[in-house]
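A quick write-up on the structure given underneath.
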Amino acid sequence: MTDYKEIATPSRTKEILKKHGFSFKKSLGQNFLTEPNILRKIVETAGINQQTNVVEVGPGIGALTEQLAMNAAQVVAFEIDDRLIPVLADTLSRYDNVTVVHQDVLKADLVETTNQVFQEKYPIKVVANLPYYITTPIMMHFLESSLDVAEMVVMMQKEVADRIAAKPGTKAYGSLSIAVQYFMEASVAFIVPKTVFVPQPNVDSAIIKLTRRATPAVTVTNEKEFFKLTKASFQLRRKTLWNNLTHFYGKDEQTVAWLKESLAEAEIDPSRRGETLSLEEFARLSNALEKNKPV
């Protein structure tokens, strides 16, 4: 059909919202993108083709879903808002390679759902415009699940994207940077201005590209304790590593001796700040803490 207008065009978005009497829920962080060229750029950045299976979160009225469906083998989209299920059934009716799952993605068994939907064992990529209020939990849900995700190309608040891709010694670097970079290689692909959304958010967005590492960035003896340590090291932002560690682990004699011994073994100066430590240094310290842990 030559007169077909893509979902993301401003006029078609308006038409769809009016037809279904849809009103935005602020609590769900709903902002719909109305610029097809940006959506095509997202699909291009993710390298989506007929040998790619895609998981999307929060499809909204299906603007990005449509672009994914045009290029991917199959798409499974998780939508929590029951008001959008009939909208998506309408807007995506021409695409038979899309499955909309009416569920909170954080409660979903990602492996089971994708196994049921995807007919071919193609690489899985996560491509989504993530709701601002729940960006980090959704990302960590995918990273910590046993779903084999080759790549994530997701839109989020620019500030969060900067934190994820941040390098040691920068203001944005923190436990989130480490948690993501442990599993993935991270880079900000491009910026999306706030003016291309309905309703318009208060801040600009960014597309971040995360590529799964063959093995984690560093070798740690206890992954859970490693992440606990990195979180602890940034609790008191402008304090030294020593202040943070004693604040988190305790100041009793045995704990202090354990921390001192481990820091010395890892060759890390306790007067440094957490944001100056690289992933390798955190791994060294985590392994020393694990090795010297009081019985």
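Just so you know, the numbers here start at 1 and follow the chain as drawn.
Placement of Cβ uses the backbone N, Cα and C atoms for every residue, glycine included.
Binding site for S-adenosyl-L-methionine per Swiss-Prot: Asn31, Leu33, Glu79, Asp104, Asn129, plus Gly58 from the candidate set Gly21, Gly47, Gly58. Look at Asp104 (S-adenosyl-L-methionine binding site): DSSP puts it in coil. Counted within 10 Å of its Cβ, the other Cβ atoms near Glu79 (S-adenosyl-L-methionine binding site) come to 24, all protein chains included. Around Asn129 (S-adenosyl-L-methionine binding site), the same-chain residues six or more apart in sequence whose CB sits under 8 Å from its CB are Asn31, Leu33, Gly58, Gly60, Leu64, Val154, Met155, Ser205, listed in sequence order. When other Cβ atoms within 10 Å of the Cβ of Asn31 (S-adenosyl-L-methionine binding site) are tallied across all protein chains shown, the result is 22. Take the CB of Gly58 (S-adenosyl-L-methionine binding site) and look out to 10 A: across all protein chains shown you find 23 other CB atoms. For the S-adenosyl-L-methionine site listed in the record, the two most distant Cα atoms among Asn31, Leu33, Gly58, Glu79, Asp104, Asn129 lie 21 Å apart.
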